[in-house]
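Positions annotated as transmembrane segment by TrEMBL: 12-30, 50-74, 102-121, 127-147, 235-257, 269-287, 299-318, 369-389.
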Amino acid sequence: MRASAYTSWLDQILQAFSYSLFLLLLVPLRHFAANAFHGKAAIGEVAITWFILLLVIACSATLGLSATGMIVAIERDWITEIAHGDPTVLTRLNTYMRRIDLLSRLVAPLVVSLTTSLGGYPLATGALLGFAILSYGVEYLWIKVVYNHFPVLERNKRIIPNGLDAGQGEQQEAEQQPQSLSERLQSEKDDWLEFIRLPIFFSSTSMALIHLTTLSYDGTFISYIKAARGWDDTIIASMRGLCLMTGLIGTAVMPLLERKVGLERAGAWSIWFEVGCLAPVALALFYGTGRYGEHGPVWNSVILFGGIAISRIGLWSFDLCQLKELQLALDDHPRRNQLTARQISLQNLFDLLKYVLTLWASSPSCFKWTALVSWLAIVSGAVSYAVYLRSVRGHLLHICGRKVL
């Protein structure tokens, strides 16, 4: 619990500090910063403005680390412990957590947009600052409630060698912790090698590969449809909301698929469904796009927005399948959290490669090539998952009642 509480505390402190810096730029230093951005300020004013922005970027990077810690500690470790090896309970808990996440993504932008439209950016930033401060108390309260409600979370998960009591085991474990930089690097290398040798690695790789995509409502795709296709913020917000709604449908589809065809096959059906939905989207970016800055033909826009929206069903269904596979595969592993973090690191790596890709093809006219690479990455993820599927089931397909491949 202490680690989760500290991570939550760090997360909220960094958020509050970031919002405070934005308030500084938006209120007392507004004209100061505006002149700096337009090249009309003295060198000292420019330096101060960019120093504040660099602090915000540093806070954002650290927030990413703390968010990963919360995911590993609560969404992975705690849920696995609470489920206690029961696959049905594990599916239910994972589904609830994912629905909460998607609903938060749906509601949060609407609240921020409403606050901004009513009071402007300073009011919205001030409201977010107050929310960050208040939410720490709420988060800590619920972390404590859950921790106290489930005694299994207090269980000492460390493996104590035979013949040693708990105190001696803790002392020996502390002595075995890597101390020097070389020891830490060796430990990191050993964890990666072990993770790669596990059958679940191919499933984790498939999950990581689908993060290399520009066919989602991130900054890259939004910039493209605004600049090259001429769509306004209202349509974009509506389509983002539609994608989140279809994502919620995906969280309902996954348990049904699992009961019907089993966990591993449900994952295969889900990821190939996503591949199929995004194939016409990639083609629509090459053909029938119309002139630059125009919407293009109606059929092209329907395929573009509709294909991405429907693909979210497969995406979030596969996400839940793969998450459960990872939890079950590492359920009894003594370094479960460390290996779980390796998958998140792998996902972050491919997410970073997406930005490298967009740097290489930064022009809106080149977006279609990033979309093609994205679709091929998802196909590669499906192939990687097929390797995992064959390793755990011994075959890929049933044809006329016979197991093939």
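Backbone N, Cα and C atoms are what each Cβ position is placed from, and that goes for glycine too.
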Using a threshold of three or more Cβ pairs below 8 Å, and leaving out pairs closer than 6 in sequence, do the transmembrane segment (127-147) and the transmembrane segment (299-318) count as in contact?
no
Quick one: do the transmembrane segment (235-257) and the transmembrane segment (127-147) reach 3+ CB pairs under 8 Å, ignoring pairs fewer than 6 apart in sequence?
no
Any residues 6+ beyond the ends of the transmembrane segment (102-121) with a Cβ under 8 Å from its own?
26, 127-128, 237, 240-241, 244-245, 247-248, 251, 316
